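Listed in TrEMBL:
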- B:3-347: domain 'Aminotransferase class V' (DOMAIN)
- B:41: L-glutamate binding site (BINDING)
- B:75, B:76, B:100, B:152, B:172, B:195, B:236, B:237: pyridoxal 5'-phosphate binding site (BINDING)
- B:196: N6-(pyridoxal phosphate)lysine (MOD_RES)
């Protein structure tokens, strides 16, 4: 039975990447050592991390005045690190678009030296849409405006990045980094956990513009962006194997034709599923059509019993991790870069069969 | 050519562990998914993390009133997390035994709400010994006394854990966790990066006694011990693959007979090398005989040129990562649990040959 893994993260990885990692797991490039056994100060690992950065810079077209950091702790640690580094004794503005934006906001509010303000929210409609951000909402003195480019749980996404003028835009891009053609220069800081589109869990990428690096050292060295930039992500031992896996994923994406190609592929996959939802009398999307995510697609019937039956029967057919998050209910299909088109086609076929058999219940 | 990897970390892993990981890298237990692709909320991963904890509890005989946390960021992040959680508006006592103790001390001093005091140091003799800790050195009001059980760079180690009475003892055990028969109940908190004796880099284990968990939430959720304990290390996505690798290492160690057996093996390995150093007219150990580390063994000749020649010729013979840290110079052999006895024997043979050929230079 073919397994299709719709997990929201950690998520499906490209098969050629896993095969390559398997092949050289005990002997990396004839060294007689596993990548996991390499000293992070060895020339072999230094080449891996340098190439990972080079590939990511090329894929995302990252300008030279941005640093690329390979850190740990997930986006959740960045929820604290961003305000600590950028907004102490300043104002930090946030847009609330759902579960992940809320976590970022809560972490900023926990820091008493930061004046955290939520300037727009779609909570009124259970986060089914992206609020409009107009320049008059922005306080000129703010240290930054924070957005969540894609809500993994809610399934909404910014189709257009707000223009914030001189106010640095900070983005949690965990669930759609490398899936969309974003312009890095529109952002001051981008951060993302790796476990959706870049590699295994345990690696966090931070892309930060030079002039936003903290001038004063932070009280916690591991959270200090300038220190991490000065040390090229090697202030301490980085998550070496995860960086190696990310490098392999970046190579795979490069070979496929980079972001322009994967974007087309992602649009094809998402389009297939949204079309099936839209023509169905049983399934529906809970979110605003204009703000639909390309990577995380919640859908549901109007019956919890039917949702559960669908998830159960789907799993029996090899469709794994389709259960939606409890805050939205129903189902969710996460279609990251490595998820294959055939899997979406198979799901759509299964949905049609299910609707015929159970639609009238 | 057989490769012997003396790296101080990331370090050699047990070959059966790497083979097992390789075998199931694309298909974990017939799931059709890699461990790296498993949702951290899946029953398959929940079993992995639960078993990792169970095995570690058994190996170290961890009492029930201790929590085991699987975190990220290395010991370096704990250098900040420990004082933030345990010593805000209190005194924190430290013993300075070398490079890693110094890093822990510096991080604590960076926190202005903590009164950090170094109560003993072996800096006077370039950290060649472990200072005596007597009870009169301890301030009864201190939140804790922090020690570094083994100095990875300096190569010294506590042979006897100091008795601190009611003052919780906090230990950075990164380079000798699972190598020695420590009694967990002698400690309030133990923390260790995984990349020496437990698995790949990117995982940090924290073992903390119930009553030391912070009563007030910390301003940074990811650093909040109580929150991490309440969420069973799943406040956010943990480093799933690293935890799986650690579980395999724990199983391997259990199968070997646990810590009593590996301790004998480690004593045999270290004894072989120390004996060779002690009978050599060329090589010497820079540290106090009574405080010698079992896991990290620096040694050197009295000539930088000879040291460099030794390192170069050794590498040509497959002895990797023997170069000592710049602060000590010379050579360093790290002999963690997974390092094989044959490798030490081969090194000792090579040292004797080298001494015959170059001893008179």
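Glycine residues also receive a Cβ, built from the backbone N, Cα and C atoms like all the rest.
Positions of TrEMBL features highlighted on the structure.
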| residue | record | contacts (Cβ under 8 Å, 6+ apart) |
| --- | --- | --- |
| B:41 | L-glutamate binding site | B:234 |
| B:75 | pyridoxal 5'-phosphate binding site | B:100, B:104, B:172, B:174, B:191, B:192, B:193, B:204 |
| B:76 | pyridoxal 5'-phosphate binding site | B:103, B:107 |
| B:152 | pyridoxal 5'-phosphate binding site | B:8, B:9, B:99, B:100, B:174, B:175, B:196, B:295, B:296, B:334 |
| B:195 | pyridoxal 5'-phosphate binding site | B:9, B:10, B:11, B:74, B:201, B:202, B:203 |
| B:236 | pyridoxal 5'-phosphate binding site | B:222 |
| B:237 | pyridoxal 5'-phosphate binding site | B:40 |
Once DSSP output is merged into helix, strand and coil, residue B:172 (pyridoxal 5'-phosphate binding site) belongs to strand
Under 8 Å Cβ-Cβ to chain A, which of the recorded positions B:41, B:76, B:195, B:196, B:236, B:237? B:76, B:195, B:236, B:237
The residue listed as 'N6-(pyridoxal phosphate)lysine' has its Cβ surrounded, within 10 angstroms, by a count of other Cβ atoms equal to 30
Just how spread out is the pyridoxal 5'-phosphate site if you go by the largest Cα to Cα distance in Å among B:75, B:76, B:100, B:152, B:172, B:195, B:236, B:237? 30
Model confidence over the domain 'Aminotransferase class V' (B:3-347), averaged pLDDT: 97
Reduced DSSP assignment, residue B:41 (L-glutamate binding site): coil
Where residue B:152 (pyridoxal 5'-phosphate binding site) falls in three-state DSSP terms: coil
